[in-house]
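To keep things clear, I will list the structure first and then write my remarks on it.
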Amino acid sequence: MSSPTPPRLSAAIDRATGGTRLRRLRQSDWVRRLVRESDVTPNDLIWPIFVREGDGDPEPVASMPGVFRRSVRGCAEAASEAYDLGIPVVALFPFTGPGQRDERGSQALDPDNLVCRAVRAIKAAVPDIGVLCDVALDPYTSHGHDGLLHDGRILNDETVEILCQQALVQAEAGCDILGPSDMMDGRIACIRSALDGAGFRDRMIMSYAAKYASAFYGPFRDAVGSTGALKGDKRTYQMDMGNTDEALREARQDILEGADMIMVKPGMPYLDILTRLVDEFAVPTFAYQTSGEYSLIMAAAQNGWIDGERAMMESLRSFKRAGAAGILSYFAPSAAALLR
Ligand code: PBG
């Protein structure tokens with residue numbers, strides 16, 4: 001920073017800045033680390049995992065390089081890897097073929113469905129890791145929607161009734177955190193009272209409070225087998241991307257109804273929403289770095305267009321800087337490994 005013979009301008013710069021030189025605090029790695037306001041640790045990460053029927057090796061998801069669909073046993077192994085990496089929670093999503101789907105998403109209520117078996121296997125193998133389950137019907141419906149479809153419309157209250165049962169089935173299997181991702185009105189209150197009524201007062205709810213109708217879920221729908229299934233779009237229940245006040249209303253409502261934690265989704269294109277919710281409610285608020293966000297970083301990295309590792313860490317740090325308590329990310333194991 002200081003040069004051997006100060007140029008003529010130096011005195012003028014000192015006068016203009018009053019001697020403040022912001023670069024002073026950036027001059028070496030140790031001082032950058034010292035003054036850093038926010039950082040990511042493995043404790044901030046939730047790892048979404050895809051579970052499939054059958055045994056055998058993990059099967060790659062074509063649109064998500066480095067992401068796999070795993071057998072029930074493979075999920076328990078992944079959970080144990082996560083535990084060793086210091087990741088506190090894994091989130092489970094089932095891959096379901098057309099044969100396992102129907103109009104009402106009946107499989108959601110089967111206590112022996114894929115997700116429930118995976119929860120039990122994880123809890124048996126790694127009792128000290130948290131397990132989060134999505135509460136929504138889309139992996140199980142033939143039309144790919146999160147709720148019941150009638151005459152081209154998604155029924156709200158009828159869907160909520162089923163979601164309560166789905167939450168109970170998952171809680172019974174050992175799920176610690178229920179994550180309603182369906183965006184129906186009133187579902188948090190109903191799920192909370194269903195859980196409490198069944199003696200599951202300790203189970204937490206992380207509501208997908210502000211979930212936008214987004215193009216960034218594309219690869220996920222491929223991973224869970226919904227791509228071909230989905231009829232139309234989800235814009236009558238997921239939020240319109242132009243709105244921020246509505247996100248506050250959604251979050252306020254979910255917190256009043258009993259959500260312990262809230263989430264914003266997608267992540268990177270919605271950091272403004274994240275910060276607004278954190279500032280407004282002071283409730284643990286999470287960001288979901290969605291499949292599309294993951295895949296675009298991975299694709300660019302694979303082409304050599306960006307440094308994948310640095311882009312990964314930068315993206316995760318951006319969530320912490322914006323105020324997130326934690327991040328759901330497919331990068332969780334790679335990031336945690338790098339942070340050790
Ligand atoms: C389903 C659900 C979705 C995701 C999580 N839960 C997709 C959707 O709403 O269509 C997306 C996750 C991702 O893209 O990584 N309710």
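For all residues, glycine too, the Cβ spot is worked out from N, Cα and C.
Remember, it's a predicted structure, so these values are computed and weren't measured experimentally.
Now, the feature entries from TrEMBL:
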ACT_SITE  LYS211  active site, schiff-base intermediate with substrate
BINDING   GLU250  Mg(2+) binding site
ACT_SITE  LYS265  active site, schiff-base intermediate with substrate
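Ranking the active-site residues LYS211, LYS265 by the number of CB atoms within 10 A of their own CB puts LYS211 at the top. Contacts of GLU250 (Mg(2+) binding site) defined by a Cβ separation under 8 A and a same-chain sequence distance of 6+ are given as ALA209, ALA210, MET239, in order along the sequence.
Under the three-state DSSP scheme, the residue listed as 'Mg(2+) binding site' falls in the helix class. Note: the Cα of LYS211 (active site, schiff-base intermediate with substrate) and the Cα of LYS265 (active site, schiff-base intermediate with substrate) are spaced 5 Å from each other.
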